[in-house]
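Peer 1: Could you have a look at this structure, given as structure tokens, before my questions?
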Amino acid sequence: MRLENVTVFCFFASYLCALMLELTQFLRQSVTLKWSSLGLTVAGLIAQTIYLVERSRQTDLPPLLGSSHDWLLVSAWLAVVWFLGMKVWDSRLSIGIFVLPLVLVLVVTSRFASSEPNPRVSISYWGSMLHAALWVFGILGVILAMIVSVMYLLQHRRLKHKRAELPALHLLSLERLNRINWWLIVCSVPLLTLGMITGLWMSYLAQSSSAPVSLANSTFVAFSLIWLGMAVLFGWLVVSRKATGRLVAWRTVLACTFLLVTLLAIKFLSVDGIHARELI
Amino acid sequence: MNVQVVYCNHQNANLALRERLAFSSDELLVRAYDELRARFPKSEHVVISTCNRVELYTAQEDPADTPTHDDLARFFSDFHQVPVIEFFDDLLECQGPEAVRHLFEVASSIDSMVLGESQIVSQIKAAFQLAMDSSANGPLTNSLFQRAMAVSARVRTDTKLSEGRVSIASVAVGDFGKSIFDRFDDKTVLILGAGEMASETLMYLRDEGVRQIHVCNRRLERAEALAKEFSGQAHPWESRLELLGQADVVVSTTGAERPILTAADFKPIRKKTGPKPVFILDLGAPRDIDSDVSHVDDGIFLYNIDDLEATCNANRKLRAAEIAKAREIIEEETASFMHDIYHKATGPIVKRLREHWHEISRQELELLFRKLPELDDRQREAFEKTIHRVVNKLLHPPLETLRDEARNGPPVGMLNTLKRLFHLRD
């Protein structure tokens with residue numbers, strides 16, 4: 001089999017089937033289906049890894065710096081790795097039904113995002129690498145915080161309504177979910193901040209190059225507002241002593257949804273003037 | 001002979017009604033036994049009153065002395081000052097084998113909210129002990145409750161009904177407590193009440209690693225005893241509100257007739273402590289904690305006994321196969337017990353019949369020995385043995401028939417026939 005034949009559809013289909021099998025657990029508990037779902041996820045991850053490696057070979061750039069398309073796929077890849085890690089840690093945990101839909105959204109969005117290599121990488125290779133890495137890990141933290149917050153809200157609702165746990169929906173305790181959520185926000189906001197700073201520095205360096213960047217564009221303003229929103233959430237989380245776990249979870253979900261929708265819309269509509277080639 | 005039970009339990013009556021019909025203290029039960037004795041002097045009585053059930057067992061030598069369903073409902077109504085119309089439909093009644101089967105099911109915890117729980121056994125033992133102390137029991141209830149304990153032990157040994165989480169406390173801690181808290185070793189537990197339920201809940205919490213335990217009870221000496229058992233601290237009842245602020249887990253198991261904690265008690269405490277999660281288990285019946293407490297803020301998770309029912313039902317489904325096995329055992333034991341009871345009813349007639357025949361044979365032997373004085377002791381003994389064997393062999397077929405007849409109910413017709421045939425008098 002030629003590795004170049006691995007397409008986005010291969011791992012998209014694997015993740016979709018894995019999600020379907022996860023959902024069947026609500027109808028009928030089956031160990032076979034559980035392992036099949038995990039197997040399909042692993043197969044999808046292998047296919048995605050091959051695809052990213054191939055893409056990297058073609059563009060002669062690491063996936064993080066390749067293009068918006070690669071960048072979104074790296075985010076999805078990291079989310080799947082996290083999901084599998086959590087499954088190894090606690091196999092009873094029902095995390096696939098939360099992570100796999102987001103992974104599918106990232107994969108679908110990547111299909112429509114620009115796959116042209118970013119021309120400004122040559123200005124500062126390591127600076128670009130740092131900027132992309134900080135943003136990817138920051139965004140990943142935000143995605144995970146959103147997932148954990150949704151899990152918190154579901155668990156909270158079950159406990160408040162005094163319902164027994166569904167065998168197909170085993171979640172972590174509220175205490176642990178709250179702690180994980182707190183750490184994810186506390187870690188991802190500084191990463192996003194550093195990502196912003198390195199981005200500004202990269203833009204400054206680009207002023208003297210053949211492809212200067214104007215900070216007075218709508219994308220930069222949108223990113224700044226997202227960052228500001230997350231920074232406010234971060235500040236409130238650190239300072240507030242009266243916030244209930246449920247309130248934190250709701251605010252996290254709202255802030256993260258806003259961030260993700262904006263980010264994906266920018267990528268999906270290819271209006272990212274800073275990273276894309278076509279708007280230079 | 002007759003056995004009867006009137007009962008309301010978690011399956012047919014809601015907690016509010018059970019609370020109104022419950023006998024929440026030993027003093028109340030002793031008064032109830034006095035009242036029952038006065039109303040139904042020819043009956044034996046045993047009352048089982050727990051958070052999930054109120055059951056009154058009665059037994060009579062003569063079925064004609066059996067109180068009616070109405071009589072017993074009126075007793076509950078008069079004793080608790082609750083109009084009969086408000087509970088009559090929820091106060092079920094069983095007689096004979098159904099009543100025996102019901103007790104065996106209760107003792108085997110098939111009828112419990114948490115299938116296979118062991119607590120019901122000690123609750124039945126305690127209920128029967130109190131009936132004995134109050135002289136409310138009798139030979140029939142003695143046999144019935146002793147057999148119930150034996151059946152319970154057999155069901156536990158021969159089936160997997162007791163495997164896994166079984167008691168209300170363990171379900172509460174395991175299924176709800178562990179979904180709220182990740183660990184318990186850094187949590188503070190406040191126990192209100194120092195009864196058996198408190199002790200059992202503490203055992204599960206201790207297994208989860210709880211170290212900080214405060215016990216509050218109206219009688220400080222009981223709080224001290226429980227606190228000592230679990231290396232906790234005992235406090236006077238008055239300090240409960242102050243301790244609430246420190247607690248992450250609150251377990252209330254008092255026998256109070258009204259809520260001891262309300263939303264008004266919690267609001268000022270929560271203002272001081274902030275919205276940290278608090279896991280509250282109200283295992284008292286009547287309820288100890290007002291249900292409005294759970295609406296004070298998002299961090300309060302309050303569960304009473306009825307709230308645990310959904311989880312218990314889930315356990316039931318998982319153990320359905322074991323229930324079938326347990327029911328087979330109970331069916332067999334019920335038939336065996338009823339047979340013993342019916343057979344016991346034939347005892348006096350059988351005894352008289354044996355005595356009558358042996359008396360006749362003894363008289364005839366004396367006549368014979370007088371006529372044959374040359375017989376030595378060995379020969380006399382041989383004669384006596386032969387006649388004894390003949391009498392026993394002649395008695396065997398009618399007594400076997402009587403025993404078989406007793407399998408399906410008291411063999412009243414056959415007993416009357418025997419009395420008439422052999423001139424046996426009562």
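The backbone N, Cα and C atoms fix where each Cβ goes, glycine too.
According to TrEMBL, the protein has these features:
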ACT_SITE  B:CYS51  active site, nucleophile
BINDING   B:THR50, B:CYS51, B:ASN52, B:ARG53, B:SER112, B:GLU117, B:SER118, B:GLN119, B:GLN123  substrate binding site
BINDING   B:GLY193, B:ALA194, B:GLY195, B:GLU196, B:MET197, B:ALA198  NADP(+) binding site
DOMAIN    B:8-159  domain 'Glutamyl-tRNA reductase N-terminal'
DOMAIN    B:177-310  domain 'Quinate/shikimate 5-dehydrogenase/glutamyl-tRNA reductase'
DOMAIN    B:325-424  domain 'Tetrapyrrole biosynthesis glutamyl-tRNA reductase dimerisation'
SITE      B:HIS102  site 'Important for activity'
Peer 1: Count the Cβ atoms, other than its own, that fall within 10 Å of the Cβ of B:GLY195 (NADP(+) binding site), considering every protein chain shown.
Peer 2: 16
Peer 1: Return the count of C-beta atoms lying within 10 angstroms of the C-beta of B:ALA198 (NADP(+) binding site), excluding that atom itself.
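Peer 2: Taking every protein chain into account, the count is 26.
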Peer 1: Nearest to B:MET197 (NADP(+) binding site) in three-dimensional space, by Cα, is which of the recorded positions B:THR50, B:HIS102, B:SER112?
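Peer 2: It is B:THR50, whose Cα lies nearest.
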Peer 1: Determine, to the nearest whole angstrom, how far the Cα atom of B:SER112 (substrate binding site) is from the Cα atom of B:ALA194 (NADP(+) binding site).
Peer 2: 23
Peer 1: Give me the long-range Cβ neighbours of the residue listed as 'active site, nucleophile': same chain, 6+ apart, Cβ under 8 Å, in sequence order.
Peer 2: B:ARG18, B:ALA22, B:ILE168, B:MET197, B:LEU283, B:GLY284, B:ALA285, B:ILE305
Peer 1: Count the other Cβ atoms sitting within 10 Å of the Cβ of B:THR50 (substrate binding site), across every protein chain shown.
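Peer 2: Within a 10 Å radius of the Cβ of B:THR50 (substrate binding site) lie 23 other Cβ atoms.
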Peer 1: Around the C-beta of B:SER112 (substrate binding site), how many further C-beta atoms are within 10 angstroms, looking at every protein chain?
Peer 2: 27
Peer 1: Residues other than B:GLY193, B:ALA194, B:GLY195, B:GLU196, B:MET197, B:ALA198 within 8 Å, Cβ to Cβ centroid, of the NADP(+) site?
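Peer 2: Going along the sequence, the neighbours appear as B:ILE191, B:SER199, B:LEU226, B:THR253, B:THR254.
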Peer 1: How big is the gap, in Å, between the Cα of B:GLY195 (NADP(+) binding site) and that of B:HIS102 (site 'Important for activity'), rounded to a whole number?
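Peer 2: Counting only the Cα atoms, the answer is 26 Å.
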Peer 1: Across the domain 'Quinate/shikimate 5-dehydrogenase/glutamyl-tRNA reductase' (B:177-310), what does the pLDDT come to on average, as a whole number?
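Peer 2: Summarising the domain 'Quinate/shikimate 5-dehydrogenase/glutamyl-tRNA reductase' (B:177-310) by its mean pLDDT gives 88.
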